[in-house]
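Each remark here refers to the structure printed beneath this line.
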Amino acid sequence: MLSSPSPGQQVQTPQSMSPPPQQSVSPPPQPSPQPNSNVSPGPAPSPSSFLLSPSPQPSQSPVTAHTLQNFSVPSPGPLNTPVNSSSVMSPAGSSLAEEQQYLDKLTQLSKYIEPLRRMINKIDKNEDRKKDLSMMKSLLEILTDPSKRCPLETLQKYEIALENLENDMAVPTPPPPPGPPTKQQSLCQPLLDAVLANIHSPFFNHSLRHTFMPAMTAIHGPPITAPVVCTRKRKLEEDEQQSIPNVLQGEVARLDSRFLVNLDPSHCSNNGTVHLICRLNDKDLPSVPPLELSVPADYPAQSPLWIDRQWQYDASPFLQLVYQYLTSKLLKLPDKHSVTALLHIWAESIHQACLSAT
């Protein structure tokens, strides 16, 4: 409802007010024309004041509409509305945040530096993977050299590539450190390792004999063997004792020091035949069964004979190879040959078997 004006107060009608800019306001319908804009004073409002709006609800006066229209127009100047500082970030703050993300990503990818170096060394000589090698070297420079920079998006792509290569660059887990070895392990394990490493060597038995035989003899004494029983009783008379020809003695004296020649005590012959047992003492050749020779009394008119003990060479494949080379070389000897020739052929057969075994 509109309040009635007080007596003596002049109220400006809508026709006398200027409309707001760029908006036309039509005056409300009047029931009857009024000659002037002065409202007569009265204790009660005029009936025309109730007919300003055709709707049953009271309408706003033009003054009020004009005032509301002024408030609805936005101000051309900036509004100093308080804004949360975390929702809008300045360019300097955005750059700092991106730099921090880049550093965090570099720290996260630093675990791939060593595996990446191993992968580069692995495929360095592979001609088919030059493209992968170039990419890996570039990535390694970015991860290790702070002056080498790349966009954060590129670094994230590198991370995906590194995750795909994780299986190839997997670092083998080192075995747990062994516990303190027992006394038995510390004494026997190196010996067992050496035996397993050299068990297939042709010099294995020879090395074992020269290494352990003195110690075993010192601990247990000499080996117990049955006494050798001579098939014939040896005569003790000095005139019937076996004599060695001077030619044979001179030849044996001139032999190489690696040949050890002794008389066979198990053979006693009265017809002048001499039985010799020859051993080879060479540190570069393995131990083999001794060579047994039978030298006739009229040596060197007749050649010495080799006593074949094939069963002694059946102990190992290496000895069988020695026996094979020895028999083949003896067949090529001339009809007349010396003890020295037999000994050299024997040594050559052992050396040839060693070369074939390796």
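Our numbering is plain: 1 for the first residue shown, then up by one each step along the chain.
Note that Cβ sites are derived from N, Cα and C of the backbone, with glycine treated the same way.
According to TrEMBL, the protein carries these features:
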type	residues	note
COMPBIAS	17-34	compositional bias 'Pro residues'
COMPBIAS	35-63	compositional bias 'Low complexity'
COMPBIAS	64-73	compositional bias 'Polar residues'
COMPBIAS	81-92	compositional bias 'Polar residues'
DOMAIN	98-217	domain 'ARC105/Med15 mediator subunit central'
DOMAIN	244-352	domain 'ARC105/Med15 mediator subunit C-terminal'
REGION	1-92	region 'Disordered'
Quiz item: For the domain 'ARC105/Med15 mediator subunit central' (98-217), what are the DSSP-based totals of helix, strand and coil residues?
Solution: 86 helix, 0 strand, 34 coil
Quiz prompt | Residues in the domain 'ARC105/Med15 mediator subunit C-terminal' (244-352) grouped by DSSP into helix, strand and remaining coil | solution = 40 helix, 19 strand, 50 coil
Quiz prompt | Averaged pLDDT, computed only over the residues in the domain 'ARC105/Med15 mediator subunit central' (98-217) | solution = 78
